[in-house]
Amino acid sequence: MHAVYFFFLSYSHCSASVDGKSLADSPGEAQKAPKSPKDSPPEPLSAGPDKRSQPHPQSRHPVPASSGLPLASFWHPSLIFSPSTLFNFLCPALRDSASCSRLSPPTGLAGLIVAPANRESAERERALSDGLSTPVASLSSSGKPPVLGAMADDEKAAATGGVAEMSSANSSRPSVVDDTIKDVVSEPFSYDEDDRDYYVPQNTTEHDLNVTEDDLLEAQELASRYTLEEVRDIMTRVFRVHEKDHNFPSIIIHKIKVFLENESVFTNPEKHQHLIQEMKLEAALVTSNSPYAEVRAVVSNKDDVTTPCSTIRSWAIGLAFSCLLAFINQLFDIRQPAIRVMANVAQLLSYPVGKACENWLPDVGFTLFGTYHSLNPGPFSKKEHMLITIMANVAYNTPYTNNIIWVQYLPQYFNQPYASHVAYQLLIALATNFIGYGMAGICRRFLVYPSYCVWPASLVTIALNKAFHNESNTPVEGPFGKKWKISRIKFFYIMFGAMFIWFWFPNYIFTALSRFNWMSWIAPHNRNLNVITGINHGLGVNPFPTFDWNVLLWDSADPLMVPFFSTLNRFFGVFVSFWVVLAFWYSNVYDTGYLPINSNRVYDHFGKLYNISRAVDDRGLFHAAEYKDYSPPFLSAGNIVIYMFFFAIYTSTLTYAVLYHRHEIVMGFKSLFASFRKKNPIKDERILDVHNRLMKAYPEVPEWWYLIVLVVAIALGIAGIAGWDTNTSPGVVFYGLALCIVFVIPVGIIKAMTGIEVTLNVLAEFIGGSWVDGNALAMNYFKSFGYVTCAHAVWFCNDLKLAHYVKIPPRQTFIAQIIATFISTIICTGVLNFQMKGINGVCTPDAQFKLTCPGVNTFFTASVLWGTVGPQKIFGHSGQYTEILVGFPLGILVVFFFWGLNKKFPQWTWTRQIHPVAIMYGGIVWAPYNMSYVWPSVPIAWISWVYLKTRFVSFWSKYNFVLSAAWSCGIAISGIIIFFSLQYTDVEFKWWGNMASDMGCEGKACTLKHLPPGEYFGPRIGTFD
């Protein structure tokens, strides 16, 4: 997989071009003279003290002659490799990439210290660095530079918090509250003893924040307008919000802290000009753009309110794809293997459809409520495209309650004929879908508006949208010393085509490449070897486990999408829990030695799959006598560890939210309560974010709109449960909703910052099964209104953030989500009834078109195990796995440990990169997944988020998320074609490469212990209750 990842880099040899030898990441290379006089050729820094005092053309920090650092000898061109170069390469992996710049000379924007070729160039660059001049291209017609993300008067007051005084008309240093830049006289940069801790010759703020040159120039324009008190006020609020933010650079947090705590900065500012200018630049970057490089890479900090969005063609295309995705996914949801068409397919295909409408439809329309609606309002816009994508995104998921309908209706399950009533199906489906909307809308102030809620998944979607609609193509410095000129859309098409072709191999032609358990091939029947290294039934310890990019997307945590700290913490959790699984199995704890080590199935005491029918009566209710004569349920070692870490992750999620994000949560509640009182003061932290300021141009959706949706959804759920003989109290709706209310904000914050989603399915089954012991249907309803509501709320918040980034009017987003969800629910219900009544033998081994319902079978097993048998018999005081409940206090202790470690040793910047919940998440990977699904993401994420991002930030910003979108779309389209053309018609390609992964213990799981004939393990029959 690593070789596949580097494939796209080789394209530089045919598509990238250079005018000369570029600044390479190797410190021994210098740049040749560019052709234009604007970019005068820098010369290598010599050993003379006169050269050492000259600034880098792109750096705003002069190099003092008195520093005494032997920079010339350290960075001489002849020094191709040195120990410090190796340290510079490895350091980001050991700590965080930003902090490493304090110890080793970085490369990239200000990578080398060189001298300008002529005095004119030096003066011009120095003026730009100090924020004293503005590029001619950025001047307005009045001759004054525009202010990016300019604030309204009330917003300006909020941004300065009333602390900083407004600059007067004749002020020599204009502040952020001025509308234009006046003549500025700024003190030159200086270096003194107090700034020694923050001065590293090549350690600049722009490198710490991974900003591109364009981002830096924009921020410098605004930085020169801030007063010291304004910067102090802004940094106070930035520090309060981002102090424990894992995505925010550690070194910048450290500098902000010292800036705020050092009173000398404010009493004697002339002694701290270097630090003050850094803080001004940081304040400008936070207020004029996003503080996160990944957001700046794809999200624009500008908006055109006249761009068409809610048009006739966007609604027609969006609803058409919503219907298509709902129909296909529901029809094939019960097939083995299933097929799902994701929203990225709709995003990809809707672009040519939209362009066809732009070229072929006439400009005719009608006027409604004073607005003219045309069939062809002009070019197909990015906002139209994103609105279509949002509709598809909410429509492709099938209603979760369809699983309840299946297990109720079918005679081999609960055999309840009333489940075939369409009204009943619609009521419970609409209830669970729209309760999520109500919760998402109320949680906007916690999960959508804050800038720290990045939502990594939305960035990939926006990157694809930007590739289609961005006509600019600025060359960027990249790997191999090349200047990359290929456009985003061309890069997308090439990578899409490459993955489309490649996916045929691991998915059909040579499937062993997908589960590349090559070590098992050495000795297929060696139990110990296969238990450790096996991918199908083992623990997956394998350095090269797959060449299938789709394997890395098993939990939607694309290593190119989620931050590196998230990927690394998840792997650490897998690594720690690996030893627990291994110890349980080899020690035969809980009789796990008689079972496969890593299975998600439930077994009886004969080591066979648990036969649920032997523990229930004809009505599907628990039968105690039958249960005592049969067997208690047994779990594999991997499954036991999963439940222990599931219990731990729930308590760690709540504890983490309180310890790390209580300030943000309190701030959100204050804003929410103020909105209900019709008092909507501008919140300081929100007004700092440029995207919130830009969205103020559009009418917001009031909270009461979402409250109405929530109340109506609750009413529909109560009607569905109470209107039919479900043997379930309508109170289950409120109990499930209460579970969602407790967890939705913590789960949403974690998802928004890490890309990791904590699901409540196990907790809902645990609480629901304990509350309604013996009633599987009631437990299923509790799970639907607890777990599914929370999951839907989080997904819908992601879509709201998507619209927030692209500047889609909130009310148009609201209407689009509601209508698309309603229509898709109707279509899925219609297809469900066709499957139930029109397909002979559905959900049986003899079903037509392989509609055998594997997911429904699993759902029924979980229903009976957790609802009918109940968790009290499994985890209760006399249960088989009572000790596993230690996970609940363990989750609290782990979070407190790392929180205390960070408080005790704040100078340890690596502790900020530890995310306790992400570590716990690694423990729930097992059964049926294993380490082979997680490990390959680590080196790929390091290459993307550490190596490329820190050394070639412009290159990374331009291509990283486009690559992620291209490979995901290539897999989706290729998978659909393979399925319908070959797999659906049972065209098999039989050869060794498609059978090698299923030989020996990888084909049939090996166990540690074996039972003599007629024997069984565990408690004796009649002794368990």
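Easy rule for this one: first residue shown is 1, then count along the chain.
In case you wondered, yes, glycine gets a Cβ from its N, Cα and C as well.
The feature region 'Disordered' is assigned by TrEMBL to 22-65, 124-146. Sequence annotations record features per position, and here TrEMBL assigns compositional bias 'Polar residues' to 131-143. What TrEMBL lists as transmembrane segment is 422-442, 491-510, 568-586, 640-660, 704-724, 730-750, 814-835, 847-869, 881-901, 930-948, 960-982.
In this chain, the transmembrane segment (704-724) lies close to the transmembrane segment (422-442): three or more C-beta pairs between them fall below 8 angstroms, excluding pairs fewer than 6 positions apart. Contacts between the transmembrane segment (422-442) and the transmembrane segment (730-750): present, as 3 or more C-beta pairs lie under 8 angstroms, all at sequence separation of six or more. Sequence-distant residue pairs (6 or more apart) of the transmembrane segment (640-660) and the transmembrane segment (960-982) include fewer than 3 whose Cβ atoms are under 8 Å, leaving the two stretches without contact. Of the Cβ pairs linking the transmembrane segment (930-948) with the transmembrane segment (568-586) and spaced 6 or more residues apart, 3 or more are under 8 Å, so the two regions touch. Long-range Cβ contacts of the transmembrane segment (491-510) within its own chain (Cβ-Cβ under 8 Å, at least 6 residues beyond either end) map to 4, 7-8, 11, 464, 467, 546-550, 959, 962-963, 965-967, 969-971, 973-975, 978, 982-983, 989, 993-994. With a cut-off of 8 Å between Cβ atoms, the residues of this chain six or more beyond the transmembrane segment (568-586) that come close are 531-532, 539, 541, 557, 592-593, 597-598, 637-638, 640-641, 644-645, 756, 913-915, 918-923, 925-926, 931, 934-935, 937-938, 941, 1008.
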